[in-house]
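Here's what TrEMBL has on this protein:
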type: TRANSMEM; residues: 21-50; note: transmembrane segment
type: TRANSMEM; residues: 70-90; note: transmembrane segment
type: TRANSMEM; residues: 102-119; note: transmembrane segment
type: TRANSMEM; residues: 125-143; note: transmembrane segment
type: TRANSMEM; residues: 155-175; note: transmembrane segment
type: TRANSMEM; residues: 181-202; note: transmembrane segment
type: TRANSMEM; residues: 230-247; note: transmembrane segment
type: TRANSMEM; residues: 253-272; note: transmembrane segment
type: TRANSMEM; residues: 284-303; note: transmembrane segment
type: TRANSMEM; residues: 315-337; note: transmembrane segment
type: TRANSMEM; residues: 349-368; note: transmembrane segment
type: TRANSMEM; residues: 374-402; note: transmembrane segment
């Protein structure tokens, strides 16, 4: 870390609470990542084996369980890690949430996961209360500095959070038979808005991480995530998502999906610097792969709408879940677990393998319509391959999460 960056970090952490805080509760991302990685592995393996009939879980609606947990269960964990880590950095003077308060937040997240697994026992209302309360709690913790910022630079993040909370409430109203809207369509709506939140977060994460990489490698150039490119992609994503929810058979969906495809690919132009070529650096390829896999997800959705001879839209959508969600969580967990433990960004053959495995798993799972006779085998194989990437993460980064920052700064 350069002297200027270390001085910034020391300023950033000058508001860190005093006291003897266990290292696993020293910052928001630490306990979340320690729990989230194994939770992802366990959840996806159990789903694959349950769907294939190898095991039976005592859950009446397995599809709702699988989708909600992989979208909201995993997604809200990502929200906690991103905002509790990022808000003190984006708004200097904000006191980081650590120690006992962080423990209660993480404990509630874990209780929410257990409650949804046993929703048939606890009942919809109790589970809804827990899950919605957690989302509201996180919003109340981060909303004040976001709205107090005079320039309102990050207010879009707040709006995305409110949208996700609203969709979560809709989902529980649906499964409680209070709202006559199909829960599945609401979960599809949530995928779109989580991807919007992901893109808003990626714009900030790529700026920080790539400039950190350029600084480490003594490359005298600054990387910028261009707001107009992200805004165009996000606009297309929102329009497609809302139209799909309101008019699921509308003929314009194919063209809206193609607009998403093109606008997302347009973001790749950010990675073309004026004086230096960084396109073939492994870490840059990691980040670019997120946008590429997401873009192709919408391309295949458009293909399904335009082709009457195939119905594979539910499989193609896994480009966005297995692919986008998988790559985002894997790569962002790597970035945060490196930079925010005081280390320099690095890549190696094992991290490369993790990215490759997620992409392979995505292709196997998403392209099932072209080899439906091997559906069960594809489910199991893709799940195991996908899970192995997060096992790689655990092997490499758990020691970082369980030890003090390498630069000696608290957090």
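Cβ coordinates come from backbone N, Cα and C, glycine included.
In this chain, the transmembrane segment (125-143) lies close to the transmembrane segment (70-90): three or more C-beta pairs between them fall below 8 angstroms, excluding pairs fewer than 6 positions apart. The largest share of C-beta pairs under 8 angstroms with the transmembrane segment (70-90) comes from 21-50, of the ranges 21-50, 155-175, 181-202, 374-402.
If one looks beyond the transmembrane segment (374-402) by at least 6 residues along the same chain, the residues whose Cβ comes under 8 Å of a Cβ in the stretch are 23-24, 29-30, 33-34, 37-38, 40-41, 44-45, 47-49, 51-53, 322, 326, 329-330, 333-334, 337-338, 341, 343, 350-351, 353-355, 357-358, 360-362, 364-365, 368.
Of the two recorded stretches, the transmembrane segment (102-119) does not lie close to the transmembrane segment (155-175), with fewer than three CB pairs under 8 Å once pairs fewer than 6 apart in sequence are set aside. Long-range contacts of the transmembrane segment (21-50) within its own chain (CB-CB distance under 8 A, at least 6 residues past either end) are made by residues 56-57, 62, 66, 69-70, 73-74, 77-78, 80-81, 83-85, 96-100, 102-103, 106, 109-110, 113, 329, 333, 336-337, 340, 379-380, 382-384, 386-387, 390-391, 393-394, 397-398, 401-404, 410-411.
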